[in-house]
């Protein structure tokens, strides 16, 4: 289980505290007003931001001081998820090992996963030749190949249209979500959370709250969430 | 949400490159200061050299800048066929070996050049290119294009809306827009050129000389090569450094990347058309002044190319080797420094701009002389010094691309478990192929045409192509000199072209 233990984050004047567990085998959505610290929390989980105090744990392992590449964590950013000068196969293959020449069995695995995300035959293309949706699929293929137990999604599909975005979220659920994987996704769209997430963590007022089941939190949203959703005045 | 600065850092190659630059600039300066004979003070000849150096640089900078204003203005407001080619060619003198240009000028303005031929035919007294006005003329030849580009950028930076507004107000474009722009841009162009002319050794070597036209750098060369007076050479080198440092302090904040940047295809749309024929006259005059000497090199060099002495071909081979080593070293150092980043790198990146090749050379000579015969180290030292002097330009070209690549991808690379070396090799280098090729090409061309340090060090066995050409000119073998000049010109431009092209090919942006 991915765990934030008395975590205190500081970035300039901004602070955030978090003390919660992210359940395994589920998608947890981070929601809250913009600037509340959703991406900051994700940066800390991924290892890009050192916490002031507290610990980040996965099962019993302390990740707090482990460099990003050595954590059991994959991440997808809002943009720049693919290296423009590398082919789709090379980009996806980086999930297997961070080298450009893979062994033949590894290459076969890359081709298999590319097919799984609907990119069969795109191996030799460059990211620039692909549409936005296809680029997202390629990045997803890399995360699948990395086979790490935690996946962080920092709004990687935000730039896609609603139809494509739903398609991608369904693909994430179908391919990435396994019983022993923890998926944390930042979103500002309640529909995304309802569609893909079993739990919602509300990030607001300098605090990341404990996860709550998606259905119940939207049924009776706390005041902050209600304000954010624009239903508070009703 | 603002991201915290998380970076994959590769430090020690940058530190190594930085240390090399510091050794070559400040280290050699230390050697100079240590060995200088301060007790004797300055002789009248030294004062004359300082005076000449400053005066010729002032005159060269002033004339270049003033002549550039009408040329830039004409280019800014006229559209004609070949305009963009002409503007591109204005960047070419930067790559042009000085000695080649000087020979071209000699073929027009020299003793038996076109001009004196014409004057004699008309029964008029001859014109001598040697001395103050010759040095200034060569400097104007080199720096008029640079000044024109700098000032043209100023013109093109005036937003089109301002011209529309001025036109609708029926106000004077000159008073409202152009005079303020020139007041902001021209002093910068003047200072950059002043600094360049302070350290232009090859021009003074070929067109100056004698008690009335000796620069400090030329005096260093003479003290070292002819009198073998190390103390005096060191003293003069110290003086030259002070001159450059003073000028560089003033230029400090001015951008040098502008020298070769593109994006000047835009023509300013305006409503005060002025006299078109006058603009075209100005442009034609500048184009002829700048292209005629090179045309002469090609014209006179082609026949000379066939029967070049074998020694010239050997010299060419040496020059190519030095240029390649210098290009690799320069681009390697630039990548290492740019990857490292930070304030130290910013200082290291501009330090060579204030350095003079001759001062570095003198320091290196003083350091090497007690250990071994300096002639044996000539080519190595030349490659090192050339790489260092070209470093600021390569660094300026590379830094933006490397910074962007780092900013865009270091988190992703870190989360994929890339180490710094793999990150540099797999991600950074492919992303900056174009500026890398450009920088390497620049370093190669500059090194190919360099006639500075090599003149201090080389014996016959270390002769490079520019030095061989200079010696041919000294022996009045003008045919062979022109052939060697054409060869040098071709090699310099080809090296630049090959590297630059190599960077562009298959570059994925």
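Any Cβ shown, glycine's included, is placed from N, Cα and C.
Now, the feature entries from TrEMBL:
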- B:50-499: domain 'ABC transmembrane type-1' (DOMAIN)
- B:49-72: transmembrane segment (TRANSMEM)
- B:84-109: transmembrane segment (TRANSMEM)
- B:129-152: transmembrane segment (TRANSMEM)
- B:189-210: transmembrane segment (TRANSMEM)
- B:230-254: transmembrane segment (TRANSMEM)
- B:275-299: transmembrane segment (TRANSMEM)
- B:319-340: transmembrane segment (TRANSMEM)
- B:347-371: transmembrane segment (TRANSMEM)
- B:377-398: transmembrane segment (TRANSMEM)
- B:436-458: transmembrane segment (TRANSMEM)
- B:478-499: transmembrane segment (TRANSMEM)
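In this chain, the transmembrane segment (B:230-254) lies in contact with the transmembrane segment (B:347-371); the count of Cβ pairs under 8 Å, excluding pairs fewer than 6 apart in sequence, is at least 3. Long-range Cβ contacts of the transmembrane segment (B:230-254) within its own chain (Cβ-Cβ under 8 Å, at least 6 residues beyond either end) map to 29, 31-38, 40, 42, 46, 49-50, 53-54, 188, 191-192, 194-195, 198-199, 216-217, 219-220, 223-224, 350, 353-356, 358-359, 362-363, 365-366, 369. Within the same chain, residues 95-97, 99-100, 103-104, 107, 294, 297-298, 300-309, 312, 315-316, 319-320, 323-324, 327, 437-438, 440-442, 444-445, 448-449, 465-466, 468-469, 472 sit at least 6 positions outside the transmembrane segment (B:478-499) and bring their C-beta atoms closer than 8 Å to a C-beta of that stretch. Tertiary neighbourhood of the transmembrane segment (B:436-458): same-chain residues 94-100, 201-202, 205, 220-221, 224-225, 260, 319-320, 322-324, 326-331, 334-335, 357-358, 360-362, 364-365, 374-375, 377-379, 381-383, 385-387, 389-391, 393-395, 397-398, 429, 464-467, 470, 488, 491-493, 495-504, selected by CB-CB distance under 8 Å and a gap of 6+ residues from either end. Counting same-chain residues at least six beyond the ends of the transmembrane segment (B:49-72), those with a Cβ under 8 angstroms from any Cβ of the stretch are 42, 132, 135-136, 139-140, 143-144, 146-152, 154-155, 182, 186, 189-191, 193-195, 197-198, 208, 212-219, 236, 239-240, 243, 282-283, 286. Beyond the transmembrane segment (B:275-299), the same-chain residues lying 6 or more positions past its ends with a Cβ under 8 Å from any Cβ of the stretch are 67, 70-71, 73-75, 77-78, 80, 86, 89-90, 93, 96, 100-101, 103-105, 107-108, 114, 141, 144-145, 148, 482, 485-486, 489. Counting only same-chain residues 6+ beyond the ends of the transmembrane segment (B:189-210), those with a CB under 8 A from a CB of the stretch are 52-54, 56-58, 60-62, 64-65, 68, 98-99, 102, 106, 129-131, 134-135, 138-139, 142-143, 146-147, 150-151, 217-218, 221, 240, 243-244, 247-248, 250-251, 254, 256, 353, 356-358, 451-452, 455, 466, 470, 473.
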